[in-house]
Amino acid sequence: MDVLLTNDDGIDAVGIRALYDALAEVADVTAVAPADDQSAVGRQLSRTVELHDHELGYAVEGTPADCVIAGLGALDLDPDIVVAGCNEGANLGEYVLGRSGTVSAAVEAAFFGVPAIAASVYFPAGDVTIEEFDPDKTDFAEASRAVRYLVDNAIGAGVFDAADYLNVNAPLPPETGHAPMEITEPSHVYEMDGERDGETVRIQDHIWERMAEGTIPDPPGTDRRAVVEGRVSVSPLTAPHPTTGHEGLAGLAEKYQ
């Protein structure tokens, strides 16, 4: 089993190291990851990127999508699967799928026809913000365990016959035992807002505040509900694709002059 490993927190982040070490137990792993933090850049692309040798593989002066394209298109890598992560912070809900650099790396791999897994860890809100939180390798143990299991078994089980990629979100390790795994779908809840102050606008994501309060009405079976309640969420997803049944649009096109 050959794995191309990337992330959006940067190749020296603790999360990618934790995942690299876990995956190395079951696969040959080559990291092709950003040289620095590229969080929340989505599928942003560069025209050219510089590569640097790194003990884990290659550091790329570019985005997560750049890394996947470089790895699959220029570095002669032929992985069985692409893994992105492990992200420092959850990537939950439909609205983050196009924003997250971690998830976007998995989507980029899907367009290459390569199965992919995006992996993130949910850090419950406490006295510090996610920006102030300083995780260590043990915080990624549950996520690493889940991803290693999926990498080792998902292809053989036919998981990617129906899904292009998996979005995996894991809680912090429980005090005893391991978190169970649940197949989920992304939550529909969306609570972005903007607050104007003179010539500036503050962009606010109220989801994180409500997660801390435990007041988000996520129904059973959704990714955020599972993770907040201490389960590993696995959402099987497809890359963007055409839809059908657009009679109304067809009628408009016929009348267009």
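Keep in mind that glycine also has a Cβ here, set from the backbone N, Cα and C atoms.
Taken verbatim from Swiss-Prot:
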| type | residues | note |
| --- | --- | --- |
| BINDING | Asp8, Asp9, Ser39, Asn87 | divalent metal cation binding site |
| REGION | 234-257 | region 'Disordered' |
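Each of Asn7, Gly10, Ala13, Gly15, Asp37, Gln38, Ala40, Pro64, Gly85, Glu88, Gly89, Ser100, Gly101, Thr102 belongs to the same chain as Asp8, Asp9, Ser39, Asn87, is absent from that list, and has a C-beta within 8 angstroms of the C-beta centroid marking the divalent metal cation site. The sparsest Cβ neighbourhood within 10 Å, among the listed binding-site residues (Asp8, Asp9), is found at Asp9. Fewest other C-beta atoms within 10 Å: among the binding-site residues Ser39, Asn87, that description fits Ser39. Note on the region 'Disordered' (234-257): DSSP counts are 9 helix, 4 strand, 11 coil.
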